[in-house]
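Some features that Swiss-Prot has for this protein:
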- E137: active site (ACT_SITE)
- C94, H136, H140: Fe cation binding site (BINDING)
Amino acid sequence: MAIREIISIPDKRLRRVSEPVEKITSEVRALAEDMFETMYDAPGIGLAAIQVAVPLRLITMDLAKKEGESAPRVFINPEILSKSEDIAVYEEGCLSIPEYYEEVERPASVRVRFMDLEGEVHEEDAEGLFATCIQHEIDHLNGVLFIDYLSKLKRDRVMKKFTKAAKLAAK
């Protein structure tokens, strides 16, 4: 297991649409393990493979409620089957947009289909934080960031800040 580098905006790879996982191999399992280690180290509650520069449709998530508990989950080739008309607002953050948080409106619940590391296909209803997180991470797989839901003014301001920081870091 290894902690991988999390890429951040303005890195253009974050806008890439990820490819489906064709077969669950030892490499896919190792990637999931690395992603958990990276996510816990950050720390975060969800991570898409593209955030560690691997363009595969794989998500790791841990929404454990209490300190010291763990509820690791892997979602391979996840897809949203249906969305509620009800809207929920959560303050979202992203490991690829460090230390920036903003309220985002999303469907309050979704039905999602995904495969686990054993190759089993599941369908599950997601509500609350789980619904927000799975939508946020699936967006990553499609090259969409949570700042895309903000006004153009806010989005441009965030991109300008991170682009400037990236240029300064490169010097």
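Count begins at 1; order follows the chain as displayed.
For all residues, glycine too, the Cβ spot is worked out from N, Cα and C.
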Cβ neighbours of H140 (Fe cation binding site) where a neighbour is any other Cβ within 10 Å: 24
Other residues, Cβ within 8 Å of C94, H136, H140 Cβ centroid (Fe cation site): G46, A48, Q51, E92, L95, S96, E137, D139, L145, F146
Distance from the residue listed as 'active site' back to C94 (Fe cation binding site), taken between C-alpha atoms, in Å: 10
Cβ neighbours of H136 (Fe cation binding site) where a neighbour is any other Cβ within 10 Å: 24
